[in-house]
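**Q** This structure is in structure tokens; I'll ask about it shortly.
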Amino acid sequence: MADFYYLPGSSPCRSVIMTAKAVGVELNKKLLNLQAGEHLKPEFLKINPQHTIPTLVDNGFALWESRAIQVYLVEKYGKTDSLYPKCPKKRAVINQRLYFDMGTLYQSFANYYYPQVFAKAPADPEAFKKIESAFEFLNTFLEGQEYAAGDSLTVADIALVASVSTFEVAGFEISKYANVNKWYENAKKVTPGWEENWAGCLEFKKYFE
């Protein structure tokens, strides 16, 4: 069983948990207390010198960056390739959505909310505009689409639903974006591990209360 270093509230960690559920892989979950500096201990730095979560250790093979872990789990353990198809064009669209999630959507969350939550900084209106812009892009991607990349659930949906649900508990109005809202309501029903994802979201919500 693969060791999985994580925090339940972390969106990237939740995307891996849902992907593991989708491919039927059990994870040996190991909570990492970042506030206590457990990620900076020599034994963890030996596993992941970047000292980030999530981190997976599968039979001695260490990997971090949630979207890389998602793809690895599907390629190694998926009974089919439906979550990450081998077709170059289908895979390219999924990759684009994953990179969009990492570099644009979730990045906008971090840039706007993290300074407020962790540094008690005032809200930055310019950073909020970046969130709105990211959601407008996602709304356009989802025009006429039930899923984020193609016509069935993929790792792109799983990564994006982890991010979008985090925006929801932060109080962002997802309903303003009709295509995103419709996709999100469907994703809640069809994504394996949604319940655990939402429990993690509610844990993260405490930072906003």
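Cβ atoms are placed via backbone N, Cα and C, with glycine included.
Model, not experiment: these values are computed from the prediction.
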**Q** If Swiss-Prot says His51, Thr52, Ile53, Glu65, Ser66, Arg67 bind glutathione, which of Ser10, Ser133, Ser152 does it name for the same site?
**A** Ser10
**Q** Sort out the sequence-distant neighbours of Glu65 (glutathione binding site) for me: same chain, 6+ apart, CB within less than 8 Å of its CB, listed by position.
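**A** When sequence neighbours closer than 6 are ignored, Glu65 (glutathione binding site) has Thr52 within Cβ distance under 8 Å.
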**Q** Among Ser10, His51, Thr52, Ile53, Glu65, Ser66, Arg67, listed as contacts of glutathione, what is the widest Cα spread in Å, to the nearest whole number?
**A** 16
**Q** Over the span of the domain 'GST C-terminal' (87-209), count residues by DSSP class, listing helix, strand and coil in order.
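**A** For the domain 'GST C-terminal' (87-209), the helix, strand and coil counts are 95 helix, 0 strand, 28 coil.
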